[in-house]
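There's a structure below that I have some questions on.
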């Protein structure tokens, strides 16, 4: 079994792919630009509505559930709960996970694009994203359609929970305390649909929300 297969084993063990339209994880995605790795943020209307923040690291999407979604205000520290890694082709997934399935609810791609790793060590040598993840300190520059600039993920272990991180906007040209993009820009960046529209299309049998 390859390293990626081992990494994706928890993701696959939680899902029944005969019922869920989610990808099993054998494909790629259509977001790559200039050879840079991908970030994607998915709005997930599950039992607890949240945003999933995902970074492509070593062939899979390292993932965090962010209950309040990302902020453009550096003063805001958003809880980000580490969840199982997802396959790369999940970056394109929009649709409805049926009742009774893990993560049941509607999913859309809220933002996506390439990112750059900003971290280096004391000798100014670049640290890999895997090293940053293991150290619990990630700093990336996002080039999304809604979010742009530096973001930090810090392994806070808040409340004594190993899964708890913090997602913080870095103070740069993309910072803006006045913007509230998660509420003012709810549409998908790949289909232009809202969560309600994705759910309505699935309910009326006009598709799972992935295509027109």
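Every residue, even glycine, has its Cβ placed from backbone N, Cα and C.
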Identify the region 'Disordered' range according to TrEMBL, selecting from 135-173, 174-212.
174-212
If I take every residue in the domain 'DNA ligase D 3'-phosphoesterase' (42-154) and average their pLDDT values, what number comes out?
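When the pLDDT values over the domain 'DNA ligase D 3'-phosphoesterase' (42-154) are averaged, the result is 95.
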